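Chemist: Can you read through this structure? Questions will come right after.
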Amino acid sequence: MAAVDAILAGKYPAKAHARRVAESLQSHRNGCPGIVYLEAQKTRLIEDNDEPVPFRQRRPFFYLSGCPLSDSCLVYDLSEDQLTLFIPPVDPEDVIWSGLPMSTEQAQNQYDVDRVLVTTELNSTLASIASSHGGKAIAFTIADQVSESTQFHGFSEVNQSVLKGVIEQSRVVKDEYEVALLRKANDISAKAHIAAIKASQTAVNEREIEGAFIATCIANGAREQSYHPIVACGENGAILHYGKNDDTLIDPVTNQKKRNVLIDAGGEYRTYCADITRVIPVGGKFTAETRQIYDIVLQMQTECIAMLKEGVQWEDVHAHAHRVAIRGLLRLGILRGAEDEIFEKRVSVAFFPHGLGHYLGMDTHDTGGNPNYTDKDTMFRYLRVRGRLPAGSVITVEPGVYFCRFIIEPYIKSPESNKYIDTNVLDRYWRVGGVRIEDNVVVTKNGYDNLTTAPKAVDEIERLAVS
(Lines of atoms letter the chains of each structure in order from A and count residues from 1; the text may use other names and numbers.)
(Lines give C-alpha, C1' and ligand atoms only; values in the text may rest on other atoms or scores of the structure.)
Protein backbone atom coordinates (compact mmCIF):
# COMPACT_ATOMS: atom_id res chain seq x y z
CA MET A 1 0.00 0.00 0.00
CA ALA A 2 3.04 2.32 -0.16
CA ALA A 3 1.98 3.77 -3.51
CA VAL A 4 -1.53 4.36 -2.21
CA ASP A 5 -0.27 6.03 0.95
CA ALA A 6 1.98 8.28 -1.15
CA ILE A 7 -1.03 9.47 -3.15
CA LEU A 8 -3.06 10.03 0.00
CA ALA A 9 -0.27 12.09 1.56
CA GLY A 10 -1.33 14.87 -0.81
CA LYS A 11 -4.45 17.01 -0.61
CA TYR A 12 -7.89 15.76 -1.58
CA PRO A 13 -8.45 17.24 -5.10
CA ALA A 14 -11.33 19.54 -4.20
CA LYS A 15 -10.40 22.22 -6.74
CA ALA A 16 -10.39 19.71 -9.61
CA HIS A 17 -13.81 18.50 -8.49
CA ALA A 18 -15.08 22.09 -8.38
CA ARG A 19 -13.88 22.66 -11.95
CA ARG A 20 -15.59 19.47 -13.11
CA VAL A 21 -18.85 20.66 -11.57
CA ALA A 22 -18.35 24.13 -13.09
CA GLU A 23 -18.00 22.64 -16.56
CA SER A 24 -21.32 20.83 -16.19
CA LEU A 25 -23.01 24.01 -14.93
CA GLN A 26 -22.06 26.04 -18.01
CA SER A 27 -25.21 25.08 -19.89
CA HIS A 28 -27.31 26.32 -16.96
CA ARG A 29 -25.65 29.77 -16.76
CA ASN A 30 -26.41 31.18 -20.22
CA GLY A 31 -23.10 33.02 -20.15
CA CYS A 32 -23.79 34.63 -16.77
CA PRO A 33 -21.29 34.57 -13.90
CA GLY A 34 -22.17 32.42 -10.93
CA ILE A 35 -21.18 30.72 -7.71
CA VAL A 36 -21.62 27.35 -6.09
CA TYR A 37 -22.65 27.54 -2.45
CA LEU A 38 -22.58 24.44 -0.24
CA GLU A 39 -22.93 23.86 3.49
CA ALA A 40 -21.45 21.17 5.68
CA GLN A 41 -23.60 19.10 7.99
CA LYS A 42 -24.67 20.97 11.12
CA THR A 43 -23.89 19.87 14.64
CA ARG A 44 -27.12 18.41 16.00
CA LEU A 45 -28.02 17.08 19.42
CA ILE A 46 -29.85 13.86 20.13
CA GLU A 47 -33.47 14.56 21.02
CA ASP A 48 -33.90 15.21 24.76
CA ASN A 49 -30.14 14.84 25.26
CA ASP A 50 -27.02 17.00 25.24
CA GLU A 51 -24.96 14.49 23.23
CA PRO A 52 -24.42 15.17 19.52
CA VAL A 53 -25.96 12.99 16.84
CA PRO A 54 -23.20 10.86 15.24
CA PHE A 55 -21.72 13.09 12.56
CA ARG A 56 -21.77 12.30 8.86
CA GLN A 57 -20.47 14.95 6.51
CA ARG A 58 -22.64 16.09 3.63
CA ARG A 59 -21.20 14.47 0.53
CA PRO A 60 -21.63 17.40 -1.91
CA PHE A 61 -19.75 19.66 0.48
CA PHE A 62 -16.94 17.16 0.99
CA TYR A 63 -16.62 16.55 -2.75
CA LEU A 64 -15.81 20.24 -3.31
CA SER A 65 -13.75 20.80 -0.15
CA GLY A 66 -12.28 17.60 1.28
CA CYS A 67 -13.18 19.10 4.66
CA PRO A 68 -14.74 16.91 7.38
CA LEU A 69 -15.59 19.81 9.72
CA SER A 70 -19.18 20.46 10.76
CA ASP A 71 -20.88 23.87 10.58
CA SER A 72 -18.71 24.99 7.66
CA CYS A 73 -19.55 26.15 4.14
CA LEU A 74 -17.90 26.95 0.82
CA VAL A 75 -18.25 29.37 -2.06
CA TYR A 76 -16.83 28.63 -5.50
CA ASP A 77 -16.76 31.58 -7.89
CA LEU A 78 -17.28 29.95 -11.28
CA SER A 79 -15.93 32.87 -13.29
CA GLU A 80 -12.87 33.56 -11.14
CA ASP A 81 -12.11 29.89 -10.39
CA GLN A 82 -11.76 30.78 -6.72
CA LEU A 83 -12.73 28.30 -4.00
CA THR A 84 -13.27 29.70 -0.51
CA LEU A 85 -13.79 27.56 2.57
CA PHE A 86 -15.49 29.01 5.63
CA ILE A 87 -14.92 27.30 8.99
CA PRO A 88 -16.40 28.13 12.40
CA PRO A 89 -14.60 30.75 14.49
CA VAL A 90 -13.21 29.92 17.90
CA ASP A 91 -15.94 29.54 20.53
CA PRO A 92 -14.28 30.07 23.94
CA GLU A 93 -16.93 28.02 25.74
CA ASP A 94 -16.45 25.10 23.35
CA VAL A 95 -12.67 25.23 23.83
CA ILE A 96 -13.19 24.38 27.51
CA TRP A 97 -14.65 21.01 26.54
CA SER A 98 -13.16 20.16 23.18
CA GLY A 99 -9.89 22.05 22.88
CA LEU A 100 -8.90 24.52 20.20
CA PRO A 101 -10.48 23.97 16.78
CA MET A 102 -8.62 24.05 13.49
CA SER A 103 -7.39 27.52 12.60
CA THR A 104 -7.80 29.15 9.19
CA GLU A 105 -4.05 28.81 8.64
CA GLN A 106 -4.14 25.09 9.40
CA ALA A 107 -7.13 24.62 7.11
CA GLN A 108 -5.38 26.50 4.30
CA ASN A 109 -2.45 24.09 4.56
CA GLN A 110 -4.62 21.00 4.76
CA TYR A 111 -7.31 21.55 2.12
CA ASP A 112 -7.16 22.17 -1.62
CA VAL A 113 -8.83 25.60 -1.53
CA ASP A 114 -7.74 29.11 -2.50
CA ARG A 115 -8.52 30.78 0.80
CA VAL A 116 -10.03 30.05 4.20
CA LEU A 117 -12.20 32.46 6.16
CA VAL A 118 -14.47 32.08 9.18
CA THR A 119 -18.22 31.65 8.81
CA THR A 120 -18.94 35.10 10.29
CA GLU A 121 -17.42 36.52 7.09
CA LEU A 122 -19.74 34.59 4.77
CA ASN A 123 -22.44 37.15 4.04
CA SER A 124 -20.02 40.02 3.47
CA THR A 125 -18.06 37.78 1.09
CA LEU A 126 -21.21 36.85 -0.82
CA ALA A 127 -22.17 40.53 -1.11
CA SER A 128 -18.71 41.38 -2.40
CA ILE A 129 -18.84 38.63 -5.05
CA ALA A 130 -22.33 39.71 -6.15
CA SER A 131 -21.17 43.31 -6.49
CA SER A 132 -18.06 42.34 -8.46
CA HIS A 133 -20.29 40.65 -11.04
CA GLY A 134 -22.62 43.62 -11.36
CA GLY A 135 -25.65 41.83 -9.97
CA LYS A 136 -25.68 39.33 -12.83
CA ALA A 137 -24.36 36.28 -10.96
CA ILE A 138 -26.43 33.15 -10.33
CA ALA A 139 -26.09 31.35 -6.99
CA PHE A 140 -26.31 27.57 -7.39
CA THR A 141 -27.26 25.81 -4.15
CA ILE A 142 -29.03 22.65 -2.98
CA ALA A 143 -32.60 22.86 -1.73
CA ASP A 144 -33.04 22.39 2.02
CA GLN A 145 -29.28 22.72 2.58
CA VAL A 146 -29.05 26.50 3.02
CA SER A 147 -29.21 28.16 6.44
CA GLU A 148 -31.79 30.89 6.99
CA SER A 149 -28.99 33.28 7.91
CA THR A 150 -27.29 32.96 4.51
CA GLN A 151 -27.96 36.02 2.34
CA PHE A 152 -27.82 36.13 -1.45
CA HIS A 153 -28.44 39.86 -1.81
CA GLY A 154 -27.28 41.16 -5.17
CA PHE A 155 -27.50 37.86 -7.05
CA SER A 156 -29.76 37.72 -10.09
CA GLU A 157 -31.07 34.25 -9.23
CA VAL A 158 -30.79 31.53 -6.62
CA ASN A 159 -31.02 28.20 -8.46
CA GLN A 160 -31.70 25.22 -6.20
CA SER A 161 -32.75 22.72 -8.86
CA VAL A 162 -29.64 21.64 -10.79
CA LEU A 163 -26.56 21.58 -8.52
CA LYS A 164 -27.36 18.37 -6.66
CA GLY A 165 -27.81 16.39 -9.87
CA VAL A 166 -24.69 17.87 -11.45
CA ILE A 167 -22.54 16.92 -8.45
CA GLU A 168 -24.04 13.44 -8.30
CA GLN A 169 -23.23 12.82 -11.96
CA SER A 170 -19.72 14.26 -11.54
CA ARG A 171 -19.06 11.78 -8.74
CA VAL A 172 -19.53 8.74 -11.00
CA VAL A 173 -16.02 8.90 -12.50
CA LYS A 174 -13.32 8.70 -9.85
CA ASP A 175 -9.88 10.30 -10.07
CA GLU A 176 -6.62 8.75 -8.89
CA TYR A 177 -7.00 10.13 -5.37
CA GLU A 178 -10.51 8.77 -4.96
CA VAL A 179 -9.48 5.34 -6.25
CA ALA A 180 -6.64 5.38 -3.71
CA LEU A 181 -9.13 6.11 -0.92
CA LEU A 182 -11.36 3.26 -2.09
CA ARG A 183 -8.37 0.93 -2.33
CA LYS A 184 -7.35 1.86 1.22
CA ALA A 185 -10.88 1.24 2.49
CA ASN A 186 -10.81 -2.15 0.78
CA ASP A 187 -7.42 -3.03 2.24
CA ILE A 188 -8.61 -2.29 5.77
CA SER A 189 -11.88 -4.12 5.19
CA ALA A 190 -10.04 -7.18 3.84
CA LYS A 191 -8.11 -7.36 7.12
CA ALA A 192 -11.40 -7.09 8.98
CA HIS A 193 -12.99 -9.89 6.93
CA ILE A 194 -10.04 -12.13 7.76
CA ALA A 195 -10.50 -11.29 11.44
CA ALA A 196 -14.20 -12.12 11.14
CA ILE A 197 -13.42 -15.48 9.50
CA LYS A 198 -11.06 -16.34 12.34
CA ALA A 199 -13.55 -15.17 14.97
CA SER A 200 -16.12 -17.61 13.60
CA GLN A 201 -14.06 -20.51 15.02
CA THR A 202 -15.02 -19.76 18.60
CA ALA A 203 -18.04 -17.47 18.21
CA VAL A 204 -21.42 -18.66 19.43
CA ASN A 205 -23.35 -15.57 18.30
CA GLU A 206 -23.35 -13.37 15.19
CA ARG A 207 -22.48 -10.30 17.27
CA GLU A 208 -19.05 -11.71 18.13
CA ILE A 209 -18.16 -11.88 14.44
CA GLU A 210 -19.49 -8.37 13.89
CA GLY A 211 -17.40 -7.15 16.82
CA ALA A 212 -14.22 -8.65 15.38
CA PHE A 213 -14.89 -6.93 12.05
CA ILE A 214 -15.56 -3.49 13.50
CA ALA A 215 -12.64 -3.65 15.94
CA THR A 216 -10.21 -4.48 13.14
CA CYS A 217 -11.52 -1.61 11.01
CA ILE A 218 -11.05 0.89 13.83
CA ALA A 219 -7.59 -0.42 14.68
CA ASN A 220 -6.52 0.10 11.07
CA GLY A 221 -7.89 3.61 10.62
CA ALA A 222 -11.47 3.14 9.43
CA ARG A 223 -13.39 4.50 12.40
CA GLU A 224 -16.77 4.42 10.67
CA GLN A 225 -18.62 1.66 8.87
CA SER A 226 -19.84 2.25 5.32
CA TYR A 227 -23.20 0.79 6.41
CA HIS A 228 -24.58 -1.35 9.18
CA PRO A 229 -22.76 -4.71 8.87
CA ILE A 230 -24.71 -7.79 7.86
CA VAL A 231 -23.63 -10.89 9.78
CA ALA A 232 -26.17 -13.57 8.94
CA CYS A 233 -25.80 -17.21 9.93
CA GLY A 234 -27.73 -20.08 8.37
CA GLU A 235 -31.10 -19.18 6.88
CA ASN A 236 -30.62 -15.55 7.96
CA GLY A 237 -28.35 -15.26 4.93
CA ALA A 238 -31.44 -15.36 2.70
CA ILE A 239 -32.45 -11.93 4.07
CA LEU A 240 -30.65 -9.47 1.80
CA HIS A 241 -30.26 -6.64 4.32
CA TYR A 242 -30.40 -8.68 7.52
CA GLY A 243 -29.52 -6.38 10.41
CA LYS A 244 -30.17 -8.20 13.68
CA ASN A 245 -26.65 -9.65 14.01
CA ASP A 246 -27.63 -11.27 17.29
CA ASP A 247 -28.61 -14.83 16.45
CA THR A 248 -26.99 -17.93 17.87
CA LEU A 249 -24.73 -19.95 15.59
CA ILE A 250 -26.23 -23.16 17.00
CA ASP A 251 -29.11 -24.72 15.09
CA PRO A 252 -31.90 -25.36 17.64
CA VAL A 253 -33.16 -28.35 15.63
CA THR A 254 -29.89 -30.24 15.27
CA ASN A 255 -28.05 -28.66 18.23
CA GLN A 256 -25.11 -28.36 15.84
CA LYS A 257 -23.45 -25.25 14.47
CA LYS A 258 -25.25 -23.72 11.51
CA ARG A 259 -23.69 -24.29 8.12
CA ASN A 260 -22.33 -20.89 7.19
CA VAL A 261 -22.24 -17.17 7.91
CA LEU A 262 -22.72 -14.46 5.30
CA ILE A 263 -20.75 -11.30 6.15
CA ASP A 264 -21.55 -8.17 4.15
CA ALA A 265 -19.49 -5.37 5.66
CA GLY A 266 -17.07 -2.61 4.77
CA GLY A 267 -15.18 0.11 6.56
CA GLU A 268 -15.31 3.78 5.60
CA TYR A 269 -11.95 5.49 5.18
CA ARG A 270 -11.89 9.29 5.04
CA THR A 271 -15.45 9.35 3.74
CA TYR A 272 -14.95 6.65 1.06
CA CYS A 273 -16.56 3.23 1.32
CA ALA A 274 -15.74 -0.42 0.94
CA ASP A 275 -18.59 -2.89 0.39
CA ILE A 276 -17.49 -6.53 0.54
CA THR A 277 -19.43 -9.76 1.04
CA ARG A 278 -18.01 -13.15 1.91
CA VAL A 279 -19.52 -16.44 3.07
CA ILE A 280 -17.65 -18.63 5.53
CA PRO A 281 -18.23 -22.15 6.86
CA VAL A 282 -18.98 -22.14 10.57
CA GLY A 283 -17.45 -25.56 11.16
CA GLY A 284 -14.32 -24.84 9.15
CA LYS A 285 -15.46 -26.66 6.01
CA PHE A 286 -18.34 -25.98 3.64
CA THR A 287 -21.11 -28.57 3.57
CA ALA A 288 -21.74 -30.20 0.19
CA GLU A 289 -24.84 -28.11 -0.49
CA THR A 290 -23.24 -24.81 0.50
CA ARG A 291 -20.14 -25.58 -1.55
CA GLN A 292 -22.28 -26.33 -4.60
CA ILE A 293 -24.06 -23.00 -4.34
CA TYR A 294 -20.83 -21.17 -3.52
CA ASP A 295 -19.21 -22.52 -6.68
CA ILE A 296 -22.14 -21.28 -8.78
CA VAL A 297 -21.98 -17.79 -7.27
CA LEU A 298 -18.21 -17.59 -7.62
CA GLN A 299 -18.58 -18.54 -11.29
CA MET A 300 -21.24 -15.86 -11.70
CA GLN A 301 -18.93 -13.25 -10.25
CA THR A 302 -15.81 -14.39 -12.12
CA GLU A 303 -17.51 -14.28 -15.51
CA CYS A 304 -19.21 -10.95 -14.83
CA ILE A 305 -16.02 -9.23 -13.69
CA ALA A 306 -14.29 -10.51 -16.84
CA MET A 307 -16.90 -8.65 -18.93
CA LEU A 308 -16.09 -5.25 -17.43
CA LYS A 309 -14.53 -2.48 -19.50
CA GLU A 310 -15.42 1.01 -20.62
CA GLY A 311 -18.79 1.13 -22.36
CA VAL A 312 -20.09 -2.27 -21.31
CA GLN A 313 -23.87 -2.34 -20.89
CA TRP A 314 -24.51 -3.11 -17.23
CA GLU A 315 -27.85 -4.75 -18.01
CA ASP A 316 -25.99 -7.25 -20.21
CA VAL A 317 -23.62 -8.14 -17.38
CA HIS A 318 -26.53 -8.56 -14.98
CA ALA A 319 -28.39 -10.78 -17.45
CA HIS A 320 -25.27 -12.90 -17.89
CA ALA A 321 -25.16 -13.47 -14.13
CA HIS A 322 -28.68 -14.88 -14.34
CA ARG A 323 -27.64 -17.16 -17.21
CA VAL A 324 -24.77 -18.59 -15.15
CA ALA A 325 -27.08 -19.05 -12.15
CA ILE A 326 -29.65 -20.89 -14.27
CA ARG A 327 -27.03 -23.27 -15.69
CA GLY A 328 -25.72 -24.01 -12.22
CA LEU A 329 -29.14 -24.62 -10.70
CA LEU A 330 -30.05 -26.84 -13.65
CA ARG A 331 -26.95 -28.96 -13.01
CA LEU A 332 -27.99 -29.41 -9.39
CA GLY A 333 -31.55 -30.27 -10.36
CA ILE A 334 -33.11 -27.39 -8.44
CA LEU A 335 -34.29 -26.01 -11.75
CA ARG A 336 -35.52 -28.14 -14.63
CA GLY A 337 -36.38 -27.35 -18.22
CA ALA A 338 -34.72 -25.34 -20.98
CA GLU A 339 -32.28 -22.57 -20.03
CA ASP A 340 -33.70 -20.03 -22.47
CA GLU A 341 -37.26 -20.68 -21.34
CA ILE A 342 -36.34 -20.35 -17.66
CA PHE A 343 -34.52 -17.10 -18.45
CA GLU A 344 -37.43 -15.65 -20.43
CA LYS A 345 -39.92 -16.62 -17.71
CA ARG A 346 -37.66 -14.87 -15.15
CA VAL A 347 -37.72 -17.90 -12.83
CA SER A 348 -34.13 -17.24 -11.75
CA VAL A 349 -35.32 -14.04 -10.06
CA ALA A 350 -36.74 -16.30 -7.34
CA PHE A 351 -33.17 -17.22 -6.40
CA PHE A 352 -31.34 -14.01 -7.42
CA PRO A 353 -33.84 -11.19 -6.76
CA HIS A 354 -31.53 -8.17 -6.51
CA GLY A 355 -29.32 -6.24 -8.92
CA LEU A 356 -25.78 -7.33 -9.70
CA GLY A 357 -24.23 -4.24 -8.17
CA HIS A 358 -24.12 -0.49 -7.70
CA TYR A 359 -21.72 2.41 -7.98
CA LEU A 360 -19.43 2.89 -5.00
CA GLY A 361 -17.74 6.00 -3.65
CA MET A 362 -18.55 8.34 -0.79
CA ASP A 363 -21.85 6.49 -0.47
CA THR A 364 -22.23 2.72 -0.45
CA HIS A 365 -25.00 3.01 -3.01
CA ASP A 366 -23.25 5.85 -4.79
CA THR A 367 -24.83 8.44 -7.02
CA GLY A 368 -25.39 8.52 -10.77
CA GLY A 369 -26.75 5.02 -11.33
CA ASN A 370 -30.14 6.11 -12.75
CA PRO A 371 -32.09 3.06 -11.49
CA ASN A 372 -35.65 2.36 -12.59
CA TYR A 373 -37.44 0.85 -9.62
CA THR A 374 -40.76 0.92 -11.50
CA ASP A 375 -39.45 -1.36 -14.26
CA LYS A 376 -42.07 -4.02 -14.97
CA ASP A 377 -39.32 -6.50 -15.80
CA THR A 378 -38.57 -8.14 -12.45
CA MET A 379 -35.07 -9.13 -13.56
CA PHE A 380 -34.02 -5.48 -13.83
CA ARG A 381 -36.30 -3.71 -11.34
CA TYR A 382 -33.72 -3.58 -8.54
CA LEU A 383 -30.69 -2.96 -10.74
CA ARG A 384 -29.18 0.19 -9.19
CA VAL A 385 -27.13 1.09 -12.28
CA ARG A 386 -28.58 1.32 -15.77
CA GLY A 387 -26.71 1.98 -19.00
CA ARG A 388 -23.07 1.84 -20.07
CA LEU A 389 -20.25 1.99 -17.54
CA PRO A 390 -17.70 4.79 -18.03
CA ALA A 391 -13.99 4.30 -17.43
CA GLY A 392 -13.15 5.45 -13.92
CA SER A 393 -16.44 4.36 -12.41
CA VAL A 394 -16.27 1.99 -9.45
CA ILE A 395 -18.93 -0.68 -9.22
CA THR A 396 -19.70 -3.59 -6.94
CA VAL A 397 -20.09 -7.03 -8.48
CA GLU A 398 -22.20 -9.00 -6.02
CA PRO A 399 -24.13 -11.93 -7.47
CA GLY A 400 -25.96 -14.23 -5.11
CA VAL A 401 -28.17 -17.28 -4.86
CA TYR A 402 -30.68 -17.36 -2.01
CA PHE A 403 -33.20 -19.76 -0.56
CA CYS A 404 -35.81 -17.42 0.89
CA ARG A 405 -39.16 -19.14 1.38
CA PHE A 406 -41.12 -15.88 1.19
CA ILE A 407 -39.69 -15.13 -2.27
CA ILE A 408 -39.51 -18.64 -3.73
CA GLU A 409 -42.84 -20.10 -2.57
CA PRO A 410 -44.98 -17.85 -4.83
CA TYR A 411 -43.00 -19.19 -7.80
CA ILE A 412 -43.69 -22.74 -6.61
CA LYS A 413 -47.40 -22.01 -6.30
CA SER A 414 -47.64 -20.28 -9.67
CA PRO A 415 -48.68 -22.49 -12.62
CA GLU A 416 -46.45 -20.32 -14.82
CA SER A 417 -43.25 -21.17 -12.97
CA ASN A 418 -43.72 -24.21 -10.70
CA LYS A 419 -42.89 -26.67 -13.46
CA TYR A 420 -39.36 -25.28 -13.58
CA ILE A 421 -38.60 -25.90 -9.88
CA ASP A 422 -38.01 -29.36 -8.40
CA THR A 423 -39.15 -28.99 -4.81
CA ASN A 424 -37.75 -32.36 -3.77
CA VAL A 425 -34.24 -31.20 -4.67
CA LEU A 426 -34.88 -27.69 -3.38
CA ASP A 427 -35.72 -29.01 0.09
CA ARG A 428 -32.07 -29.99 0.58
CA TYR A 429 -30.92 -26.36 0.21
CA TRP A 430 -33.15 -24.27 2.48
CA ARG A 431 -30.59 -24.39 5.31
CA VAL A 432 -27.92 -22.90 3.06
CA GLY A 433 -29.74 -19.59 3.45
CA GLY A 434 -27.90 -17.42 0.97
CA VAL A 435 -24.54 -17.09 -0.73
CA ARG A 436 -23.33 -13.72 -2.01
CA ILE A 437 -19.80 -12.80 -3.08
CA GLU A 438 -19.04 -9.10 -3.54
CA ASP A 439 -15.99 -7.23 -4.79
CA ASN A 440 -15.37 -3.55 -5.61
CA VAL A 441 -14.08 -3.01 -9.13
CA VAL A 442 -12.74 -0.01 -11.07
CA VAL A 443 -13.82 0.03 -14.71
CA THR A 444 -10.92 0.88 -17.05
CA LYS A 445 -10.72 1.59 -20.78
CA ASN A 446 -9.84 -1.99 -21.68
CA GLY A 447 -10.81 -3.96 -18.60
CA TYR A 448 -10.96 -3.57 -14.85
CA ASP A 449 -9.00 -3.24 -11.60
CA ASN A 450 -10.39 -5.27 -8.69
CA LEU A 451 -9.78 -3.34 -5.45
CA THR A 452 -10.91 -6.18 -3.19
CA THR A 453 -8.32 -8.55 -1.76
CA ALA A 454 -10.41 -10.33 0.89
CA PRO A 455 -10.09 -14.12 0.46
CA LYS A 456 -12.80 -15.85 -1.57
CA ALA A 457 -11.18 -19.06 -2.83
CA VAL A 458 -12.74 -22.01 -0.99
CA ASP A 459 -9.46 -23.54 0.16
CA GLU A 460 -8.19 -20.21 1.52
CA ILE A 461 -11.41 -19.48 3.41
CA GLU A 462 -11.51 -22.98 4.89
CA ARG A 463 -7.87 -22.70 5.94
CA LEU A 464 -8.49 -19.36 7.70
CA ALA A 465 -11.63 -20.72 9.35
CA VAL A 466 -9.60 -23.31 11.26
CA SER A 467 -6.29 -21.45 11.71
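Counting begins at 1 with the first residue displayed.
Positions of Cβ are set from backbone N, Cα and C atoms, glycine also.
Dumping what Swiss-Prot says about this protein:
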BINDING   Asp264, Asp275, Glu438  Mn(2+) 2 binding site
BINDING   Asp275, Glu398, Glu438  Mn(2+) 1 binding site
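Have a look at these and tell me how they're positioned relative to everything else.
Modeler: In sequence order, Asp264, Asp275, Ile276, Thr277, Arg278, Gln301, Gly357, Thr396, Val397, Glu398, Thr452 constitute the residues six or more apart from Glu438 (Mn(2+) 2 binding site) in its chain with CB-CB distances below 8 Å.
A coil conformation is recorded for Glu398 (Mn(2+) 1 binding site) in the three-state DSSP classification, outside any helix or strand. The Cβ neighbour count for Glu398 (Mn(2+) 1 binding site), using a 10 Å radius over every protein chain in view, is 24.
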Chemist: Where among the binding-site residues Asp264, Asp275 do you find the Cβ with the fewest other Cβ atoms within 10 Å?
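Modeler: Selected from the binding-site residues Asp264, Asp275 on minimum Cβ neighbours within 10 Å: Asp264.
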Chemist: Neighbourhood of the Mn(2+) 1 site (Asp275, Glu398, Glu438): other residues with Cβ within 8 Å of the Cβ centroid, in order?
Modeler: Asp264, Ile276, Thr277, Gly357, Thr396, Val397, Arg436, Asp439, Asn440
